[in-house]
Amino acid sequence: MKSFIVLAVTLCLAAFFMGQSVASPAAAAEESKFVDGLHALKTIEPELHGRYKRATCDLLSGTGINHSACAAHCLLRGNRGGYCNGKAVCVCRN
């Protein structure tokens, strides 16, 4: 009885792993679209990242530190400071 259970488990595992080794047609189609190396860098479109100029003044306006955060942002960029204008946009001084 013990050897029968071991044989049954072994056959089940073998069947499971045999089924996993067969590649599906969808995976083969995805691999055909794969581009490798330098050619990939030339063909891949760059990701678009939005620039949110109002993040410093808008997000921190409720805490009361919006002008300080804008000034710190401008100092990190190498300017003499900055302020938040009426449209909640950080304006850096030269």
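Just so it is clear, glycine is given a Cβ too, placed from its N, Cα and C backbone atoms.
What Swiss-Prot records for this protein:
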type	residues	note
DISULFID	Cys57-Cys84	disulfide bond
DISULFID	Cys70-Cys90	disulfide bond
DISULFID	Cys74-Cys92	disulfide bond
SIGNAL	1-23	signal peptide
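Features as recorded by Swiss-Prot, highlighted on the structure.
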residue : record         : Cβ neighbours (10 Å)
Cys57   : disulfide bond : 22
Cys70   : disulfide bond : 23
Cys74   : disulfide bond : 20
Cys84   : disulfide bond : 21
Cys90   : disulfide bond : 22
Cys92   : disulfide bond : 16
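Cys57 (disulfide bond) sits 6 Å from Cys90 (disulfide bond), taking the Cα positions as reference. Distance from the CA of Cys84 (disulfide bond) to the CA of Cys90 (disulfide bond) is 5 Å.
Ranking the disulfide-bonded residues Cys70, Cys74, Cys92 by the distance of their Cα atoms from the Cα of Cys84 (disulfide bond) places Cys70 first.
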